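Please read the structure below before turning to the comments.
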Amino acid sequence: MVIPHFIGAFFIVELIITGSIIGVDGLSMDYYLMSCPFAETIVKNTVNRNLQSNPALAAGLLRMHFHDCFIEGCDASILIDSTKDNKAEKDSPANLSLRGYEVIDEAKEEIENQCPGVVSCADIIAMAARDAVLWAGGPLYDIPKGRKDGRRSKIEDTFNLPPPFFNSTQLIKMFGQHGFSVQEMVVLSGGHTLGTARCSSFKSRLRKFDATNDVDPTLDQNLAKAMSQTCNAGDDAEFPFDSSKNAFDNLYFNALQRKAGVLTSDQTLFTNPKTRGIVNAYAMNQAMFFFDFSQAMVKMGLLDVKEGDKGEVRENCRRIK
Ligand code: HEM
């Protein structure tokens, strides 16, 4: 049962659990209550401290959780460093701009000092993403804990991450393969209310490499100019997804209504009549966006979770035991 409350500006979603959680046995809200009671506090404090000095890390931590869960499930496979025998997920082109690894390391180190070998890196990523969303002004929601860390991280698995040039139909299909509805795909795309994209992710929209040589017609011409100027600084130059890149709000959806989506995969959500209504709803109603986002994040955080002996608790999040 899901009970929403309004408390001041915050929208709190409480998931009241009876028995097993959404079919994932072994996970629970109070998983570390006895074994590591300060785990959640340590993660929250570490996240808040880091975001205070670098607010851009909120976006990084949210994206890290998404990229972790979509490949091999939420098992911290994204954190594994490559070795001479294994090219890991984090070295894939799709992951090279991920940020926030040091925040997870810092939280893990402090937790290990208090309760060694208890709290998984996968849970730390999930908690950190949640805390980052709240820090940026987004919804407060609770998540089940008890994920185990995976033992596989291979660069070739990352072809399953959605590329920026996907259209709505392709996104619906890919998210559908992970069990998400069309509405859940759109609300999760709302994660782009935080952060930036690099020029390399959108430059193909600025000049079409065909006979027309035109700018993408679904992109606002003034925004295209600003994006082109950014690209003068090179492929790694960053452009914000919306006008408040460090604030979790619904301005991303408003931007799509004005043809101001940065990636093809953003603007397609408004161009395609199948998803346009959902974009309009979230653009109009931030509370609805927050509520649906919270629910979809809890669901995403349960993707192919490894429980019991199917995984491990790493000592160092960057190395399989
Ligand atoms: C719908 C399919 C999606 C596609 C095609 C996509 C693609 C991308 C791309 C290309 C970037 C910019 C990377 C760069 O240029 O460095 C990006 C950034 C980002 N993505 Fe997504 N993404 C998708 C869904 C999501 C979801 C579901 C979330 C989280 C719930 C998310 C969170 C983020 C965040 C927060 C950033 C900014 C990162 C930063 O500034 O460090 N994305 N995404």
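Glycine residues also receive a Cβ, built from the backbone N, Cα and C atoms like all the rest.
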Co-listed Ca(2+) 2-binding residue [TrEMBL; alongside Asp242, Asp249] among Thr158, Thr169, Thr193, Thr196: Thr193
Of 6-24, 25-43, the range TrEMBL labels transmembrane segment: 6-24
Cys317: disulphide-linked cysteine among Cys115, Cys121, Cys199 [source: TrEMBL]: Cys121
Spatial neighbours of Arg63 (site 'Transition state stabilizer') among the recorded positions Cys36, Cys115, His192, Cys231 [C-alpha, 10 Å]: His192
Where the C-beta lies under 6 angstroms from ligand 1, the matching disulfide-bonded residues among Cys36, Cys74, Cys115: none
Residues satisfying Cβ distance under 8 Å from Cys317 (disulfide bond), sequence separation of at least 6: Ala76, Leu79, Ile104, Asp105, Lys108, Cys121, Ile124, Asp149
Of Cys121, Cys199 (the disulfide-bonded residues), the residue whose Cβ has the fewest other Cβ atoms within 10 Å: Cys199
Cys231 (disulfide bond) and Cys74 (disulfide bond), distance between Cα atoms, whole Å: 34
Distance [Cα-Cα, Å, rounded] between Cys199 (disulfide bond) and His192 (heme b binding site): 15
Fewest other Cβ within 10 angstroms of its own Cβ, chosen from the disulfide-bonded residues Cys36, Cys69, Cys74: Cys36
